[in-house]
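> According to TrEMBL, the protein carries these features:
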type	residues	note
TRANSMEM	62-86	transmembrane segment
DOMAIN	91-248	domain 'Sodium/calcium exchanger membrane region'
TRANSMEM	93-111	transmembrane segment
TRANSMEM	123-145	transmembrane segment
TRANSMEM	157-180	transmembrane segment
TRANSMEM	192-215	transmembrane segment
TRANSMEM	227-246	transmembrane segment
TRANSMEM	282-304	transmembrane segment
DOMAIN	282-424	domain 'Sodium/calcium exchanger membrane region'
TRANSMEM	316-340	transmembrane segment
TRANSMEM	346-371	transmembrane segment
TRANSMEM	383-401	transmembrane segment
TRANSMEM	407-428	transmembrane segment
Amino acid sequence: MFQEMGSAGDKLDLQLDEEIPFSSSQGTIKIDSLYYEAPHIASCRSTRVLTKMYQISLLRSIYIVIIKAKINLLLPFGPLAILLHYLTGKHTWVFFFSLLGITPLAERLGYATEQLAFYTGPTVGGLLNATFGNATEMIISLYALNNGMMRVVKQSLLGSILSNMLLVLGCAFFSGGIIHQQKVQVFNKATAIVNSGLLLMAVMGLLFPAVLHFTHTELHFGKSQLALSRFSSCIMLVAYASYLFFQLKSQPNLYSSMSEDEEHNSADPEEEEAPEITQWEAIGWLAVLTIWISVLSGYLVDAIEGASDSLNMPMSFISVILLPIVGNAAEHASAIMFAMKDKLDITLGVAIGSSTQISMFVIPFCVVVGWFMGKPMDLNFQLFETATLFITVLVVAFMLQEGTSNYFKGLMLILCYLIVAASFFVHVDPSNGRSLMQSKQPWFYPCLGQMSTSTPGNVMNIIEAGQLLYPNDDWIGGMKGLACYNDMFRVVRY
């Protein structure tokens with residue numbers, strides 16, 4: 001058989017040698033024509049192939065990002081919210097449909113960020129996840145700031161911090177602890193301590209303007225707290241930039257040691273995940289999703305006040321609880337997923353890292369942006385909100401100090417968040433006159449008549465009015481009269 005193949009090859013060579021001399025002129029012509037025509041034909045074919053490959057890749061990317069995920073069944077609620085805004089004007093339906101429409105967009109934004117993280121590395125990927133995970137809150141805050149709704153900005157950002165630290169981290173710890181009951185889940189304690197320190201620094205930056213305002217010790221009333229807030233915001237931005245340099249350049253091993261150990265100790269390399277879309281596709285989807293979230297955020301912000309009036313629900317509860325739950329959909333899903341895979345360092349990077357970024361970057365950034373826009377955005381988050389944040393940071397810091405996690409810690413964090421949510425449901429915002437009237441406090445309405453005839457100099461008349469309303473307790477009555485006047489004067493003033 002091999003001899004026959006060899007003889008056939010020899011015969012083919014002899015035939016080629018015999019044919020070449022007789023057709024040399026024709027062959028050269030054919031070769032020259034092929035020499036000039038082949039690149040053109042090859043380029044046409046290559047462009048067609050590349051076009052088909054690009055179309056297939058684009059369709060596959062659309063299927064993976066838009067169609068494959070079940071949560072995308074909520075996507076039609078976004079266009080429905082826009083239609084209801086122009087057709088009916090019912091703020092309640094526009095608000096809830098906007099919430100439902102933004103939820104899958106926030107989750108898909110987190111998915112696109114995770115896909116981009118495959119190409120950037122774990123440290124930069126965690127930073128990107130936290131950054132784009134907070135894109136929804138930042139866009140909503142900028143829209144509200146542009147509309148002069150400073151309290152909505154403050155409360156929504158505060159709610160994002162509380163939601164990430166209590167609800168997201170609590171659900172992640174609880175899910176991971178249930179899945180891995182037979183082992184103790186550990187994480188890098190050093191990174192948790194650094195983040196806890198930054199969060200305490202953020203609490204300090206928010207605490208002093210509030211204390212300065214409520215103790216009435218400002219050098220210039222109404223101006224000192226604003227100047228202090230802007231100065232502290234610049235300092236916090238410098239601190240966060242230093243933290244990024246420390247994390248990415250100075251000591252990156254401190255943040256990647258645990259993940260590298262897990263990679264070296266992993267016995268099954270086949271379990272490593274691979275990206276489902278390309279790098280440029282991930283960047284494109286990030287741009288598209290961010291633009292669509294920006295559009296829906298405008299309608300959401302416009303419908304907040306109307307929804308609060310229609311539902312008889314405090315705006316503080318809507319801003320602190322409802323908005324952050326939607327905005328943190330990406331962090332919620334990814335943190336739970338990584339905790340169930342026993343990757344708690346990434347979970348902490350998503351949950352605590354996101355809280356650190358909001359408190360040390362997004363809030364000061366909004367203050368600086370408001371400064372340029374001429375808006376009196378400051379760091380005075382009121383005493384109730386500031387105290388809530390301070391206690392939350394302390395609770396989470398104690399939970400993280402051991403460097404271990406279990407389902408009981410997660411359950412405690414979730415229960416703490418329920419207490420916070422209930423507190424804001426019954427909380428009346430003292431800086432909002434509408435909220436005071438909605439609360440129907442018995443001492444408020446009689447004060448309205450007194451306010452109409454009082455001036456800033458008639459303080460004693462206000463105290464006497466409060467004492468007449470509460471004759472059994474002159475001191476409390478007088479203080480309530482003053483509080484009523486201060487709230488009404490603040491509403492008129494701002």
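Note: Cβ is positioned from N, Cα and C throughout, glycine not excepted.
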> Which range out of 93-111, 157-180, 282-304, 316-340, 346-371 gives the transmembrane segment (227-246) the most CB pairs under 8 Å?
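Against the transmembrane segment (227-246), the leading stretch is 346-371.
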> How about long-range neighbours of the transmembrane segment (192-215): same chain, 6 or more residues beyond its ends, C-beta under 8 Å?
165, 224-225, 228-229, 232-233, 235-236, 239-240, 243, 348, 352-353, 355-356, 359-360, 363-364, 378-383, 386, 389-390, 393, 396-397, 400-401, 403
> Using a Cβ cut-off of under 8 Å, list the residues of the same chain at least 6 residues beyond the transmembrane segment (93-111) that approach it.
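Result: 65-66, 69, 71-81, 84-85, 129, 132-133, 135-136, 285-286, 289-290, 292-293, 296-297, 299-300, 302-304, 306-307, 322-323, 326-331, 333-334.
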> May I have the DSSP-based helix, strand and coil counts for the residues of the domain 'Sodium/calcium exchanger membrane region' (282-424)?
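In the domain 'Sodium/calcium exchanger membrane region' (282-424), the DSSP-based counts are 121 helix, 2 strand, 20 coil.
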> When you look at the transmembrane segment (346-371) alongside the transmembrane segment (62-86), do they share 3+ Cβ pairs under 8 Å, ignoring any pair fewer than 6 residues apart in sequence?
no
> Take a look at 316-340, 346-371, 383-401, 407-428 and tell me which one has the most Cβ pairs under 8 Å to the transmembrane segment (282-304).
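Highest pair count goes to 316-340.
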